[in-house]
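Participant: Attaching a single structure in structure tokens format; questions to follow.
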Amino acid sequence: MNPWRRYSWEIALAALLIFEILAFGLINPRLLDINVLLFSTSDFICIGIVALPLTMVIVSGGMDISFGSTIGLCAITLGVLFQLGMPLPLAIIITLLLGAICGLINAGLIIYTGVNPLVITLGTMYLFGGSALLLSGMAGATGYEGIGGFPTAFTDFANISFLGIPMPLIFFLVCCLFFWLLMHRTHMGRNVFLIGQSARVAQYSAIPVNRTLYTVYAMTGCASAIAAVLLVSYFGSARSDLGASFLMPTITAVVLGGANIYGGSGSIMGSALAALLVGFLQQGLQMAGVPNQISSALSGALLIVVVVGRSVSLHRHQILEWYSRRRNAHQA
């Protein structure tokens with residue numbers, strides 16, 4: 001296949017991203033400053049870190065809407081463990097394991113109950129979110145303050161740069177490379193696509209369906225934990241609400257990136273570009289003085305437009321055939 005046609009959607013997203021940055025740059029010239037442009041990504045890049053493994057979940061025919069609560073649970077757990085005197089490196093490792101366990105719980109419930117993944121992860125979203133609030137209350141970390149007092153070396157980590165590139169953005173780029181290789185260059189990635197197209201056929205073809213699903217959900221949970229650690233480092237405090245605003249932008253990024261919500265198709269590169277597109281949209285509107293409520297409404301509208309547009313694109317032949325029949329009937 002012609003590379004231009006194969007990556008036409010990704011190329012369109014890249015062009016739209018450049019246009020978006022230039023458009024917001026005309027409104028607020030500060031956004032065109034390379035340092036402002038790079039360091040502003042730290043405010044939203046965790047959306048992209050979670051969107052990458054979530055792409056694999058959606059391509060497999062699944063769904064996970066509990067990652068925001070997982071971020072909050074992992075963040076407050078990190079704070080509580082540190083507050084109890086645990087060495088920070090060990091607390092971070094346990095936090096990452098907790099994120100993976102949250103993903104495994106999702107996968108286990110989905111596989112062994114056969115209930116729609118959206119319903120299961122809706123339940124675990126409240127389970128993890130409630131657990132985070134309970135843990136926060138027990139630790140006396142209610143409100144916006146959370147748990148602070150982290151070492152300067154840790155709080156500086158998400159605010160420093162390497163070769164002029166912010167550390168969270170470097171994490172995102174590394175994750176992009178890892179998940180792109182995993183999704184598009186390995187047997188596991190091929191299995192994810194086949195499961196999304198037909199889980200039953202994949203099972204009859206001796207593809208390890210359950211193991212693959214456990215892996216992609218665990219990676220989403222682990223990515224949520226990584227996002228939690230970066231957010232705690234960035235803000236300097238551990239709070240149970242750190243992932244509260246992640247749901248809509250992250251799912252919008254995955255769908256806008258080209259993932260079919262019914263499974264079977266998707267692109268890591270597309271999700272990465274779409275995450276930047278959604279992030280800079282929010283950032284640009286904020287710098288232009290637009291209220292957060294309007295920014296959220298625009299993100300929701302963008303998601304609806306993309307879903308409807310892709311649905312029309314997928315069924316364009318049936319639509320054209322129906323239109324042709326109607327026109328012929330009128331002419332007759």
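Yeah, the Cβs are placed from backbone N, Cα and C, and that goes for glycine too.
The annotation transmembrane segment is assigned in Swiss-Prot to 7-27, 45-65, 70-90, 91-111, 118-138, 162-182, 216-236, 240-260, 261-281, 288-308 on the grounds of sequence analysis.
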Participant: Check for me, if you would, whether the transmembrane segment (91-111) reaches the transmembrane segment (216-236) - at least 3 Cβ pairs under 8 Å, residues 6 or more apart in sequence.
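Facilitator: Yes, the transmembrane segment (91-111) contacts the transmembrane segment (216-236).
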Participant: Among 7-27, 45-65, 70-90, 118-138, which stretch has the most Cβ pairs under 8 Å to the transmembrane segment (261-281)?
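Facilitator: Result: 45-65.
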Participant: Assess whether the transmembrane segment (118-138) lies in contact with the transmembrane segment (45-65), where contact requires at least three Cβ pairs under 8 Å among residues 6 or more apart in sequence.
Facilitator: yes
Participant: State the residues, same chain only, that lie 6 or more residues beyond the ends of the transmembrane segment (216-236) and have a CB under 8 A from a CB inside it; answer 'none' if no residue qualifies.
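Facilitator: Here the qualifying positions are 42, 46, 49-50, 52-54, 56-57, 60, 62, 64, 67, 70-72, 74-75, 78-79, 92, 95-104, 106-107, 110, 146, 148, 150, 154-159, 168, 171, 175, 192, 242-243, 246.
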Participant: Using a Cβ cut-off under 8 Å, which residues of the same chain at least 6 positions beyond either end of the transmembrane segment (45-65) come close to it?
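Facilitator: Residues packing against the transmembrane segment (45-65) from afar: 71, 103, 106, 110, 116-118, 121-122, 125, 166, 168-169, 171-172, 175-176, 179, 182-183, 189, 192-193, 195-196, 199, 212-213, 216-217, 219-220, 222-224, 226-227, 230-231, 246-247, 249-251, 253-255, 257, 259-268, 271-272, 274-276, 278-279.
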Participant: Should anything in the same chain at least six residues away from the transmembrane segment (240-260) have a Cβ under 8 Å from its Cβ atoms, list it; otherwise answer none.
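Facilitator: Long-range Cβ neighbours of the transmembrane segment (240-260): 9-10, 13, 44, 46-48, 50-51, 54-55, 58-59, 65, 67-73, 75-76, 129, 132-133, 135-136, 141, 146, 196, 224, 227-228, 231-232, 266-267, 269-275, 277-279, 282, 296, 299-300, 302-303, 306-307, 310, 314.
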